[in-house]
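Worksheet: the structure to be examined is printed underneath.
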Amino acid sequence: MEVITEQWNQFKDRYEWALSIADGRVKDWPLMHSPIPTLALAAAYLTMVAFGPKIMAPYKPFNLRVPLIIYNLSVMLLNLYIGVELAIVSVKLRYSWFCQPVDYSSNPLEMRIAAGLWWYYISKLVEFADTAFFILRKKNNQLTFLHVYHHSTMFCLWWIGIKWVAGGSSFLAAMMNSFVHVVMYLYYGLSAFGPSVQKYLWWKKHITCIQLIQFSSAGVLGIRAIIVGCDFPLWMQYALVVYMSSFIVLFGQFYVQAYRKKQRRIKETRNGAVSHQNGTGGLVANGVTTSKVTNKSPSSHASKSNKDSKKEDHANGEARTHGHTRTRAQARRSRQDS
């Protein structure tokens, strides 16, 4: 018991020390005073993921087309505001993309950077609704490890970012991700209109490519800051590199499974269709065999062949009958002549 008490006291001392070096400008902002609200919301999110599909099991999927359109376009506009705000203010402050120390002063422009980052953190909370929509629509196949890991960790880790480094180099990752989310949620919003619009959304797979470029760029900049040196918390740079590496692996796997393997299967199916066509005179389309010329089923061809065979047998029988008749007639004529 004494060991547990001692460990708790050490943890408490370290936590209080960490709070003493936190960014004092944001301590009274909503959700920033303590990590407990953020952790509680993240726990509630994971509970929704665990039990939501089970609760929805006996019910039919909800038709949420209109709410989805409104939600996705609203999140797009929120990310557009965050990205533009961080871009404009960072240019005014002449921020460097490679290394930018945090200015903890109450400079109005620096406060705008901090506010933009706080809104970015809040946007991660709003995006929990992505998962709620999947559950309500019974799209449980979308509740992948990548999806849950991305949503739950981003919200928690950005609380840490705002609490200690609400400025400086933190702006770049948030700004880049916000602009990527503008494209992503625009796609989601348009696709919610249905097939009439979806047929024009050919650029879905390119969103994943953009995300991979974003993660790779952030990781490279983090590695550069570690090697070259930067007046920005080193532990944040290491955390950034590790976190971006996990996204590169997970999103890379998703891209390969969702697009590369799909293209390979389509190619193999097409090659198989040509081979099958050459062998049977039919065309394989998604596992269904159709006639190349008449569009009749194989059974109809078989029926036709059977009918043709019967006709041929009947004709042969008639020929044999006529042949026997001619032979008997010739025999009678021969007897008469003799």
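Positions of Cβ are set from backbone N, Cα and C atoms, glycine also.
Predicted automatically and left uncurated, TrEMBL annotations should be read as such.
Listed in TrEMBL:
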COMPBIAS  287-303  compositional bias 'Polar residues'
COMPBIAS  305-321  compositional bias 'Basic and acidic residues'
COMPBIAS  322-338  compositional bias 'Basic residues'
REGION    269-338  region 'Disordered'
TRANSMEM  36-56  transmembrane segment
TRANSMEM  68-88  transmembrane segment
TRANSMEM  118-136  transmembrane segment
TRANSMEM  143-162  transmembrane segment
TRANSMEM  168-188  transmembrane segment
TRANSMEM  209-229  transmembrane segment
TRANSMEM  235-256  transmembrane segment
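With respect to Cβ pairs under 8 Å, the transmembrane segment (209-229) is most closely packed against 235-256, considering the stretches 68-88, 118-136, 168-188, 235-256. Two recorded stretches are said to be in contact when at least 3 C-beta pairs lie under 8 angstroms, sequence spacing 6 or more; the transmembrane segment (168-188) and the transmembrane segment (36-56) fall short of this definition. Within the same chain, residues 144-146, 149-150, 153, 157, 161, 164-165, 169-170, 173, 205, 208-209, 211-212, 215-216, 218-219, 222-223, 225-226 sit at least 6 positions outside the transmembrane segment (235-256) and bring their C-beta atoms closer than 8 Å to a C-beta of that stretch. Listed as Cβ neighbours of the transmembrane segment (68-88) (distance under 8 Å, sequence separation of 6 or more from its ends, same chain) are residues 112-113, 116-117, 119-120, 123, 126-127, 129, 133, 171, 174-175, 178-179, 181-182, 185-186, 188-189, 192-193.
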